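Novice: Quick one: the structure is below, questions incoming.
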């Protein structure tokens, strides 16, 4: 069991040693391909939470308009299209505080999950905070994976949101693991946080009873109207070291390069794969922001002699 200081030492290793160990750790999973995931925003905007990086918060004036929950047929068709494009995981995101007992939307989400479970894809949901009862309802409906990111470390968290606490996020993560759902949990880097905050986040994930099944690493994308707009861009080497350190700590977890991939050039993306990334989001949009074109993903994988993971 590594402590925070040990994680910090890993991060600061000479780059050749860091990448070499990350490659060895990646081999332990036995996976050879890159997983394709498709993310669908099933309910956009109007969120009650005040996360300062988020275009979907009702607290800020952004280009994102509040939308109603998509109906079952729209979601089903989007899932079929994702499957045709090669996605093996279908991820649904909803902008609200969470899912709680007695709410109409909770019943609607469970009904949607039951219907699209027949697609033959692994289904993931990101819908905010849960209670143990609602987590069980989701599982019984056919959900396999629940996403709930820590986003940053506990020291920096009060700087990014005031409508909930870091401990609230940890509580939902504990519930997800307790009921037997697979956990997807990671964070965002480049929001003005310190290295210490990023490593604190990794340490919190590392301290869980069970490692997350997947860990998304998001590069902050500045969105006009949000408080963090204008934050200086992330140094690409910070991203590479973060990915490699995550891979070493979590050899069996999927490391997913999520939001912000469009900001990275081909050389940086190549280093990301070398550092341990084995999962990406495909599709034209990631919730509210544009994504890398699928043709470019395939072209880079071909150039690197990497293959898409088959179902």
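Heads up, the Cβ atoms here are built off N, Cα and C, so glycines get one too.
As listed in Swiss-Prot for this protein:
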- 32-258: domain 'Radical SAM core' (DOMAIN)
- 47, 51, 54: [4Fe-4S] cluster binding site (BINDING)
- 91, 124, 184, 256: [2Fe-2S] cluster binding site (BINDING)
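Show me how these features fit into the structure around them.
Specialist: DSSP assigns residue 47 ([4Fe-4S] cluster binding site) to a strand.
Residue 91 ([2Fe-2S] cluster binding site) falls within a strand when secondary structure is assigned with DSSP. Around residue 91 ([2Fe-2S] cluster binding site), the C-beta neighbours below 8 angstroms that are at least 6 residues distant in the chain are 37, 38, 39, 40, 124, 125, 126, 147, 281.
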Novice: Using a 10 Å cut-off on Cβ-Cβ distances across all protein chains shown, tell me which of the binding-site residues (47, 54, 184) has the largest neighbour count.
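Specialist: Counting Cβ neighbours within 10 Å, the top one is 184.
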Novice: Take the mean position of the Cβ atoms of 47, 51, 54, the recorded [4Fe-4S] cluster site. Which other residues of that chain put their Cβ within 8 Å of it?
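Specialist: Near the [4Fe-4S] cluster site, beyond 47, 51, 54, sit 49, 50, 53, 55, 56, 57, 59, 95, 161.
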Novice: Can you give me the residues near the recorded [2Fe-2S] cluster site, meaning same chain, not 91, 124, 184, 256 themselves, Cβ no more than 8 Å from the center of the site's Cβ atoms?
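Specialist: Other same-chain residues near the [2Fe-2S] cluster site: 37, 39, 89, 126, 145, 147, 214, 216.
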